[in-house]
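Down below is the structure, laid out as structure tokens.
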Amino acid sequence: MVTVGNYCEAEGPAGPAWTQNGLSPCFFYTLVPSTLMTLGVLALVLVLPCRRREVPAGTEELSWAAGPRVAPYALQLSLAILQMALPLASLAGRVGTARGVRLPGYLLLASVLESLASACGLWLLVVERSQARQSLAMGVWMKFRHSLGLLLLWTVTFAAENLVLVSWNSPQWWWSRADLGQQVQFGLWVLRYMTSGGLFILGLWAPGLRPQSYTLHVNEEDQDGGRNQGRSTDPRSTWRDLGRKLRLLSGYLWPRGSPSLQLTVLLCMGLMGLDRALNVLVPIFYRDIVNLLTSKAPWSSLAWTVTTYVFLKFLQGGGTGSTGFVSNLRTFLWIRVQQFTSRGVELRLFSHLHELSLRWHLGRRTGEVLRIVDRGTSSVTGLLSYLVFNIIPTLADIIIGIIYFSMFFNAWFGLIVFLCMSLYLILTIMVTEWRAKFRRDMNTQENATRARAVDSLLNFETVKYYNAEGYELERYREAILKFQGLEWKSTASLVLLNQTQNMVIGFGLLAGSLLCAYFVSERRLQVGDFVLFGTYITQLYMPLNWFGTYYRMIQTNFIDMENMFDLLKEETEVKDVPGAGPLRFHKGRVEFENVHFSYADGRETLQDVSFTVMPGQTVALVGPSGAGKSTILRLLFRFYDISSGCIRIDGQDISQVTQISLRSHIGVVPQDTVLFNDTIANNIRYGRVTAGDSEIQAAAQAAGIHDAILSFPEGYETQVGERGLKLSGGEKQRVAIARTILKAPDIILLDEATSALDTSNERAIQASLAKVCTNRTTIVVAHRLSTVVNADQILVIKDGCIIERGRHEALLSRGGVYAEMWQLQQQGQETVPEDS
């Protein structure tokens, strides 16, 4: 009968890591399985947030193809199953060849942990295959490589099998194959080596994730149809494509074009490294003080050591939650770098938004876009701060602690720190992911509760009309109770997280302290070493206590950053062609030739529109709402590109010249004038930002608003308010006309510039517009036909087509649509609504 003995059996409770010309089997089979188990669980944790894609209705199951990559995936799956079974087979081999010798406890632990770690890898392999198949079923290529966690697990497993080779000359291992037991273990090791090596190589290839491995059948009768190449809208893990996100983020870490800030970044990195050194030196000097006090050292040595310790403590930080001189200096220096980064991101986003088309802006809520900009900017600076100055330093402290305790204490101390901190991080991530849904539900219910209160107060009179105060109070009470129930879950889960963290640190401190006390009692360590270990572990616990918060913030920032980068990836619809030159303006002849155009819905807004505006002429566009009149102006200004046909100015295709040169020759007076929340002078100056005050006043006089401006208490420095709401409709239109006069364009576009004004204001504005349009090519969109009776040509547009054209008298004599519209307006029947 086989029995289990002590953990390390002959090596004692804590033998050395290197003994008899090789690694200690006890140490090796404690470290490696623990590491693999940690990596396996961590890989699973990072996959937990990934949700399964919903396969669209009508999409059938994917079938295996007879392609060359199906067999490699089957081999990969077989190797993963074999790898999971081999540790148990090794344990069975040990039991079968023990011959009455007690098995050390570490073998049992190693077999269980290695099998569980391999099971994690197998499960991840199947899940990633399933995700790839679902992605393919939706016509979206999700990825063509395994996750970082799975690759790391296979890499470390293969590296561990190679690490065994350093013990080739050690009699503790099976290399001599002296008996049946060693021969069995050697054979199993060869099998493990081949298995782990095969998984490592196949993992880099990832045959099970290649699209050629599948055949997609959708609705059988449409098998030859193209795949949907649209972007998937499924919720994705925050940590997916982490490497790509970090590469994008790293571009903002280095302030390009600013040598002084680059030097500041290097200095901050140096200070961060100094902080890591201080975290080691402070416990060391604390240990030295205890040892000096214990050994009754001379006062001079003690005073020098205490002084040095206090100085290092000043540099590091005085107590819990406080920051020291080095950290404060680094924070101070980083302010300029953070401002540089924030400024660069905001300017890049702002420039990109102005490059996007009018179609894009009309389809988006401005508030939503600005939230993406604000959150995206803060996410970049926040991520840099959290990652560079919180997460990375904490992980560095853990690694330094593992190395230090392994080298200067005993390898078992390094293993204890590694297991304790790994378990701490894994449990923190798992519990944080688990409790995220409680926080999300609580926020949703909080919004609903506030909405309930706001809705009730906004309808105050209605509540009074129906004596519904009690009903509203009860509804609000129910909403509060529901919110508080979710709040309790969120708070209780936070308490559970904190208690879990406390237990892990407590067990780690207990294990390390007992081992340290054992070595002190054996005279292998000093009393100060016991103090050093406890101080360093407690010191690590302080930043780790905030790890859950950092994790949540990084999650949120990654999401905001993704939205920002999605915004930056929006394609510019209207672009200058390569090699486009400036518009060479001569006289101002405008031509539309067989122009077709449609918006996103596919319905043609303009159909075969052709007309010519001779230099200095005025052409009016009239017709019912939605006919396409304003669209013609937008196409000429090149807010959109036409579907077919050609638009020319002085014989030059406007799609072949630069947009900025085209728009510099065109002035627009829109129907709904929107002014900036600035002074009247600056709103007029917007027509030409280099204009002086005298030019602004001259433009205002030409627009007939100079006297009205002077009547204001602050004159030209009067603030117009948001969107110009402090001015009347007529005053806003005159400011817009003055702005256009100041621009002095060669072509004028008037988009129902007076339709929203009363009769007296309209006549005054028409007089101002007549001055602006003199000797300039002008296109007018008109609602009131009386304003265009003197136009050189009137185009009647209906359903995107020009159905009549001519001068006012000729169109009336023809008795067509224009004559009917004129008759109705003369009778005072406003049957033609304003154009949209």
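Note: Cβ is positioned from N, Cα and C throughout, glycine not excepted.
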Per Swiss-Prot, is Thr341 on the side of the membrane where Ser521 is? no
Using Cβ distances below 8 Å and needing 3 or more such pairs, separated by at least 6 in sequence, tell me whether the transmembrane segment (148-168) contacts the transmembrane segment (500-520). no
Going along the chain, which residues at least six beyond the ends of the transmembrane segment (376-396) come within the CB cut-off of under 8 Å? 249, 252-253, 272, 275-276, 330, 334, 338, 341-342, 345-346, 349, 540, 543-544, 546-547, 550, 553-554, 556-561, 563-565, 567
Ranking 73-93, 107-127, 265-285, 500-520, 530-550 by the number of C-beta pairs under 8 Å to the transmembrane segment (186-206), which range is first? 73-93
Report, as numbers and ranges, which residues of the same chain sit near the transmembrane segment (27-47): CB under 8 Å and 6 or more residues beyond its ends. 15-17, 106-107, 109-110, 112-114, 116-121, 123-124, 127, 147-150, 152-153, 156-157, 160, 163-164, 167, 237, 239, 411-412, 415, 418-419, 422-423, 425-426, 429-430, 433
Taking 3+ C-beta pairs under 8 angstroms (sequence gap of 6 or more) as contact, is the transmembrane segment (530-550) in contact with the transmembrane segment (107-127)? no
